Each structure stands twice: as C-alpha cells, then as structure tokens.
Amino acid sequence: MKGDGIENPVFEPPSPDLRRQGQVSPAGADVGVPEAEEGPCGWGRCAPKALQLCNNPEGYLAAYSLLAIFQGIVVNGLINISISTIEKRYELNSSLTGLISASYDIAFCVLSLFVSFFGERGHKPQWLAFSAFMLGLGSLIFSLPHFSSGKYHYGAKLEDTCQIPGTSSANFTCSASTKSSLPNYLYVFILGQLLLGVGGTPLYTLGTAFIDDSVPKHKSSLYIGIGYAMSLLGPAIGYVLGGQLLNVYIDIQIPERQDITYTKIDQDDPRWLGAWWIAFLACFFAVWLLIIPFTCFPKQLPGTAKIQAEKISETHNDGSEVLVETKNIGKSFKDFPVALLILLKNPVLMSLIIASSSEALVATGFATFLPKFIENQFGKTSSFSATLGGLVLIPAAALGQIISGILVSKCKMDCKSIIKFMIGTCSVALILNTVFLFAKCGNEPFAGVSETYNGTGTLYNLTAPCNANCRCLRSIYYPVCGRDEVQYFSPCFAGCASHLFNNMKKTYHNCSCIGKPERENGSEDFLYEAVPGKCPTQCKFLPLFLTFFFFAVVFTFMAVTPTTVAILRCVPDKQRSFALGVQSVFLRLLGTIPGPILFGVAIDNSCTLWDINECKTKGACWVYDNERMAYLLMGISAACKIITIIFVVIAVWLYKPPPASAALSQKDSETVSAIHT
C-alpha cells in the first residue's frame, strides 16, 4: 500500500514509482501509473457507451458498496441469526458452532497477507470479481446441508406444566441416544465459512486500496467512509431478513401429522425451527450477479495517472520508501519477507494497528453480546433486545464513519492531523463509556435464585417443597411472572398444574408455589396466577443507556475511517494494500477473534444460575448478576479504549513526515506537483 498521503498507486505496474519527485522514468522503470492501463469499461472490444457512465470512482464505489453489503448480510447477519437454529437442527453444541463462526476469520488471516501482497500490483477489480464468486459459492455451500439432511422431525410435545407422577408426559432420562449423522454437517458449514473468508479477503484490502488509488487525497477519506458505512447496512439487512424468514417453517410446509405422539407446532413452540437456508440461497444468486460489473472495470479508472502524479508523499520518514522504490520490493514472491519486515518495523503503522485492534475487540464484543446485556439488565425479550441492539449499533456505526470521512475530507487533514483527530474521538468515547456506571439495573425477584419460595426452599435451588413432585426440567427455561410479581424459572417450577387461553393469551392456574399478591386492597380478582415471560422491570434507565451508548458507538467508529486513511498514508506507496492486509491479520488475531471470547467469559463470570440437565452437564446460564455484568463489561471496554489512546498518542509522537511534505503546505504541495506534471 502506498503510504504517501493517501496515495493511490493504482493497479500498478511492478516498478519503482518516482512520481513524487515529478520525474518521468523510461518505460523500463514505470513511474506512477501508466495511462495505458486506464481502459474503457467493458469486456475487450465490447465497451458499450452506456457502461462508460460507470467508469469512474462513483461507479466503482457503488459496485464496491453492494458487494460489501451482501458480504455483511451473509457473514455478519444471516450466520449470526441462524446459529441457534443450526445448533438445534444439526445437534451441535455452542463450542462447535463457535468453530463455524471462527472459520471465516481463520481463512481471512491465512490469506490476507498473500492476497494483499500479490494483488497490490494486479488487476484489483478482477480480484473483486473473484471475491464475489467466492462469497456466492460460500453462501451456496452453507445452505446445502438443508437439502441433503432430509425433513425435520420435531418429536413429541414437551409439557411445561407440573406433571404429577402417574400422568402421561414425556419421560426424560440421561441415556446415550442413537448415534446421529447430523453433526457431520459441521464440516460443510466450516467449508462454507472458509470460502466466505476467502471471498472477504480482497474486499477490504484490495477493494479499499483501489478507492484510494482512484480519487484525490482529500476525497479518499470520504469515499472510504461511505464504503465502510454501506458495509454496515449488511448486518442490519441480514438480521431483519433472517429474522423474518425464521418465522417460516424450516421445510416451508408444516407437517399435519407425523406420528400419533406428534402434534402440530407453531412459532411459540420450543421445537420450532425457521427456514434459515432461504436467505443464503438468495444471496448466492445476488452476489454472483455482481461478478459482471467488476469484470468490466479497467485495471485503472480514467484519470488515475494524473491523480497519482498530483499526490504528495506522507510516508513515515524511516527510509522505507526509498528502499521500496530503489529495490522495487514487491515485484516477486521472494520480496514477501522483506516487504513484511518493512511494515512490521514501521512504528507508526504498528501503533495504529494495535490501536485499531483494541477498538475492534470492544466493537465485536458488544456486537455479539449487547442484545444479551439489554435483555438481562432491562428485562426485555431476546428478540426485542436484538432489535434494539441493531437499532443502536448499526446506525451509530454508520453515522460515525460518514461523519469522520466528511470531516477529514473537508478539513483536508494531513496524516498527523488525522491521528490527532483519532485521539479526540477515542477520548470522548471513553468518557461516554461511563454510562455503565449509572445506567445499570439490579436484579428482579426470582424464586429460587434471589429469594426463596414464600419462605420455603433455599437460595440458588429451584426445587422447593411446593414443586418437588412436579418432575420439572432445568433444561427447559420458560420464565413466567407470578401474580406476586416474582419471576419463576418455568410454569412447572411455579407449580402450575394447568393453563388456559384467554383472548389468545396463555395463562397458568393452580400454581402451588405462587403466593397471594401483597396489595393494599387485597383484591382476589386476578384472572390468572402466572403469565408467560419475565416480570416487568422496575428499572427505567433503558432510554438513558441507549442514548449514551449510541453516541459512544458514534465516536468509537469515527476513528475507523481515519485509521484506514492514516495507514494508507504512513507506508510506502507500493505497500498500501499489503499494509491493509497486515492490519486485517492483527485485527482478527488481537480483536475480532478474542473479543467475543473475552466478553463471553466476563458475562459467564456474572452468572448466578446455570442450566444443569438430567446428565448433570452444565449448559447455558439462565440468570445473571446485572450489576457485576455491567462493571465487568465497562472495565473491559475502558481498558481497551485506554490502550487505544496510548498507542494513538505513540503514533503521533513517532510520526515523521517526509522532508518535502513537511516543508510545504498542502496548497504549495499541490502547486509544485502540478508544475512537475
């Protein structure tokens, strides 16, 4: 990647670029970007005039944004929302589905350096066409298990009420079940994710560098910011689309009858599985259509050579630029170790990469667990919490990236000013992060966890004399709220023996564990003893939390586009794509992979009630200590943001602009470079 002030050494020829001194080399030592590579938009001799309307940075940005949107839909939207369904359908535990999720990052890490190294001097739009092909193929592979695993058999209905011994109900014991072949589809899902990782690699390395190649320096941050913001629409669309399709039965048509013990199910039944696979199939066709526009773009957009000639280097002055130019490093594979070492020894680049990795750790952690935090802190349903989380994270992140792109572009910031700007945004985000200190909630009354069953039983024990004979399962978490305003683990643990439907709403009756409500009027006109769902929370901090957290996300993501721009400017011109590849590797190894793991460990550490099944195996956590969770998440977030600020400050302190650009103002630099051309 070329690190001169957002220099775009476009899809360059393997040769030294001395354009910064305004020199024009002979053909043998290509200087800058040969105009011969600025072809028309089309396929060989077929170049319709209508296509030339798209043969510009705006046309490329539109195609890039569409590909980024579909990549986000599949990788960060559909897969995340489908994981729980895939777990149930193919009998996979969370550690195995975690491996599925990690496969994308594994492929990205392995290929990122090589793709960015070789693609730097290649035909970047064709690399993007390859990216679209692999993303489409990965989506197709990911959906294949549905078509080869047969129809879904959902089994007998589970009873959620108190079952007195001797009555007919499903009998659950710990026994070794018949060996199923369904878990073997794990490898198909991993293959699909690996292919998606292969497809995603060129998109955010070569694709971003191509934008920087094709526009003037002061516009680069705006275009990159728009591209990144558009990519955030993908997860939002993925969650909405995937969520709606999960309301469709997995095999489209619900079987009327499978067996005498089987009953027809609806979406409220815990055995319900949605049609997770439809969206993957649709994305396969849509993404492959994007191969067409990328194959028609030329190696360089018209005007690229002139744009490159007018750019002034802002490469960190450590001698690396001279070394890369004089020895033409990056022309062959044997240069790979030397090229990598040059970047690793660039202190400004590495400081920015560590800072961005620290921010990525927090961002991916909250992207994964913010819905769970809202659900437990504020007593909301999982679906409503996921919707709220998406409404906060996606618009705030997009807004932050667009705002920062506009500010950097309009103010025509140089590399050092951009890094200083990042210090400001990260500091504000750190201050806003204190929302966890005052917008947290205590735990609502929970029988068997935070209080006893009307004075009977013990804390942290769901079984009490009132439900001891009900044969309740701890593996079925179906919370109900009693008329005493206490939450119960399930209707069974509340001792409810029957249920009715009043105006299509389910209510439970004859509940032996639920006491009379403590009301002043002592009225007995309750039409129920318990209703499904958690008790309404008394905590009113949700609007305050969402407001502060929204702006914290805005300021956090205001550093994303400037970081990319600063990285592109502080490295030698012919190493820009490679620098983004190095950043991508560190971003995953230090950020996106450990982020959800660290946040998951912190949240598990705040658990007060675990799921323990009939085989005494510990599963998911049912109830958390809300205050402890808030403090732990804020601690991780604050620590990471402090690390970010420290390394950004180090980057400012260590950065040395080249003598020429340091001596000239931006306007003078443009004048001089124009004269040289």
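Glycine too: its Cβ is placed from the backbone N, Cα and C atoms.
Note that the structure is predicted; figures quoted are calculated from it, not measured.
According to TrEMBL, the protein carries these features:
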| type | residues | note |
| --- | --- | --- |
| DOMAIN | 61-656 | domain 'Major facilitator superfamily (MFS) profile' |
| DOMAIN | 460-515 | domain 'Kazal-like' |
| REGION | 1-34 | region 'Disordered' |
| TRANSMEM | 61-83 | transmembrane segment |
| TRANSMEM | 95-115 | transmembrane segment |
| TRANSMEM | 127-147 | transmembrane segment |
| TRANSMEM | 185-210 | transmembrane segment |
| TRANSMEM | 222-241 | transmembrane segment |
| TRANSMEM | 275-297 | transmembrane segment |
| TRANSMEM | 348-370 | transmembrane segment |
| TRANSMEM | 390-409 | transmembrane segment |
| TRANSMEM | 421-439 | transmembrane segment |
| TRANSMEM | 541-568 | transmembrane segment |
| TRANSMEM | 632-655 | transmembrane segment |
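The transmembrane segment (61-83) and the transmembrane segment (185-210) are in contact, since at least 3 Cβ pairs between them lie under 8 Å (pairs 6 or more apart in sequence).
The stretch in 127-147, 275-297, 348-370, 541-568, 632-655 that contributes the largest number of Cβ pairs under 8 Å to the transmembrane segment (390-409) is 541-568.
Broken down by DSSP into helix, strand and coil, the domain 'Kazal-like' (460-515) contains 0 helix, 19 strand, 37 coil. As a quick check, the transmembrane segment (632-655) and the transmembrane segment (421-439) clear the bar of 3 or more Cβ pairs under 8 A, pairs 6 or more apart, so the two touch.
Remote same-chain partners of the transmembrane segment (275-297), defined as residues 6 or more beyond its termini with a Cβ less than 8 Å from a stretch Cβ, comprise 41-43, 51, 54-55, 60, 63, 66-67, 70, 73-74, 78, 81-82, 85-86, 89, 125-126, 128-129, 131-133, 135-137, 139-140, 142-143, 145-147, 238, 241-242, 245-246, 248-252. Scored by C-beta pairs under 8 angstroms, the transmembrane segment (348-370) has its highest count with 541-568, from the stretches 127-147, 222-241, 421-439, 541-568. The stretch from 127-147, 185-210, 222-241 that makes the most Cβ contacts under 8 Å with the transmembrane segment (541-568) is 222-241.
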